[in-house]
Every structure is written in structure tokens, then in C-alpha cells.
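Engineer: Take a look at this one; I'll ask things after.
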Amino acid sequence: MTKIIFMGTPEFSVPVLTQLASTYDVVAVVTQPDRPVGRKRVLTPPPVKKAALELAIPVYQPEKLRTSSELEELIALEADLLVTAAYGQILPNSLLESPKHGAINVHASLLPEYRGGAPVHYALLDGKTETGVTIMYMVEKLDAGDMISQRKIPITDEDNTGTMFDKLSILGAELLMDTLPDFLAGKITATPQDPEKVTFARNISREQEKIDWTKPGRTIFNQIRGLSPWPVAYTTLEEKPFKIWEATYEDTKEGGEPGAILADKTTLKIVAGDGTLIVPTVIQPAGKPKMDVHSFMTGAGRNLSKTTRFGE
């Protein structure tokens, strides 16, 4: 049976691991160290570690694999293939070149578009109507390896980064399992990435999280769903942070200054730069838990003045 080392960390990686383990001999799982989570800073294992332990697979958690003694242990396993999915570290050539069939990665974009750590976020932020997953060779340069297979999936206005992560996680596992038989048999010729079409999905900055109400409504709508459920887009209300977790978009122009409020007893609408409307549905005022807008408008939101504007 084909011996595989799997490397991954978040929930996205779990379906890939479980599918691999159902058919192949996964001899080791490498994931990030346990990290403190939440206000109480409870030391929490990554989702992949939990899944690996349930499957009785040995787990490695080096802080930095490149300089870890565990690197030689992994090479000594003499695996036939290394598979990664959102592991979170650049891997050294000594490991990439050690398996018989090399090292491949499940990447959540249609490469060469969106190389980097936040491809799903950027597909939503940029208003794409489709994205997908790519199986590609691992090289030391970030997400630059030749492409082995690729599969597309639509993005709807109802999607956000969270829903797309779930869909792409399943799609990636399916594509990998469909690809591996021919790949291991040497029947697939990989395709180099077109350097003219390369784009990058770098980690989201704090500045990208802040809503600029002078921008068009569609752009703001894409920002909100592209940053939901993490790190979450925010604006300010009376100089205090105000997060918008979920919203809809109305392509009707009501007039009013950017950030102006149109509200009734149960709904809240905010004017964008082109006059179209953002309609928040789940929000989080400063110092409060997230809530639906109806709860906000029947509580603290009742005191909103028509002269109040978001972003001020």
C-alpha cells in the first residue's frame, strides 16, 4: 500500500486527511503546535491533530520543521508521497524530494491565481463568480509548482469565506482522491503555471478590514462576505468599532451621503459611495456579542439619529 505523509492544520485539511486514510497508508501527520485560544487562552490542538489521533496516526508538531530534529525522522519513514493541505510552513527541499513520487499540495484557488495564504478571502473580496482547487507539485517557492489537476466551483452572492472554505475543503478531498490513481501510475503530465497570470493572496491586513463607505456598494458587500466569518469587516459608529458579520446588497439608489443611515424599527440600511445600499443582517457593536440586526434595532439601535453616519 502507498505510504503517505500528510501535512495540514485547519478544518479545511481534515476531509483531505480522512479521505486519504480511507484508502492509503498514512504513516505520519505533521501539523502546527497546539496554540492558546480564546480569552482564557486554553491550549487547543489543531483540527488535523484531533482527526489524526482519532485515526490512530502518529502526529508531529514541530514549531519550525526546517530546523527540527523531526525532519530527519520524517525523511527516514521513506514515504512514497507527501501530501499537504494548508499546513502553514514552507518546506525544505530535503523533505520535498525524499518521497518516491515527490510532494503535492491541495491549494484552494485556480492557480496561478491567488498564490499565498488567503486565496478564499481574495476570491470573495475581488467579486469572483467562481473559484476552485488545484493539486500541484510542491516546490520551495510559494505555490509555484506545476499543476497536476484542477476543478472549479461557483461562488454565489449567498456565499462568504466560511461557506466557501467548507465547499472547497470537500472539493479538494474529492479531487485529490480522483487524481491519485493516475498520478501514482505516472499517467499525468503536470502543467507549468503561466507566469503572466500569477496573482497573490497575501494575509489580510487590519486596514483591509475597515469599511470605506465612499466605495461602491458591491465592493463593500464583497468585503463583508470576503471577511466573514474571520477576521470580520468593521466600521465605526459614534467613533466606536462596529463589526458587520453578514449583510445583503440592494442595487437601488436612495441618495444620501456615504455612511448615511436609513432605518426603521427592525431594519438598518447604510448608503454606499454610489448610492446603493448595504443591509446588515448580523452585527456586533463595540463591547457586545454579535447579534441579528432586529435585536439591535429594537434595543440600542432605537437611539440612532438620522444625522448619524457610519464611519465617523
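Quick reminder: no glycine exception, Cβ is built from N, Cα and C everywhere.
Here's the feature list from Swiss-Prot:
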type	residues	note
BINDING	Ser109, Leu110, Leu111, Pro112	(6S)-5,6,7,8-tetrahydrofolate binding site
Engineer: Ser109 ((6S)-5,6,7,8-tetrahydrofolate binding site) has how many other Cβ neighbours within 10 Å of its own Cβ?
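Structural biologist: Around Ser109 ((6S)-5,6,7,8-tetrahydrofolate binding site), other Cβ atoms within 10 Å: 24.
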Engineer: Provide the number of Cβ atoms within 10 Å of the Cβ of Leu111 ((6S)-5,6,7,8-tetrahydrofolate binding site), excluding the reference atom itself.
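Structural biologist: Step by step: centre on the Cβ of Leu111 ((6S)-5,6,7,8-tetrahydrofolate binding site), count other Cβ atoms within 10 Å, giving 27.
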Engineer: Sequence gap of 6 or more, C-beta under 8 Å: which same-chain residues meet both conditions with respect to Leu110 ((6S)-5,6,7,8-tetrahydrofolate binding site)?
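Structural biologist: Sequence-distant Cβ neighbours: Glu130, Thr131, Gly132, Thr134, Gln150, Lys152.
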Engineer: What are the other residues, in sequence order, whose C-beta lies within 8 angstroms of the center of the C-beta atoms of Ser109, Leu110, Leu111, Pro112 at the (6S)-5,6,7,8-tetrahydrofolate site?
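Structural biologist: For the (6S)-5,6,7,8-tetrahydrofolate site the neighbour list reads His107, Glu113, Tyr114, Arg115, Pro119, Gly132, Thr134, Asp143, Met147, Gln150, Gln193.
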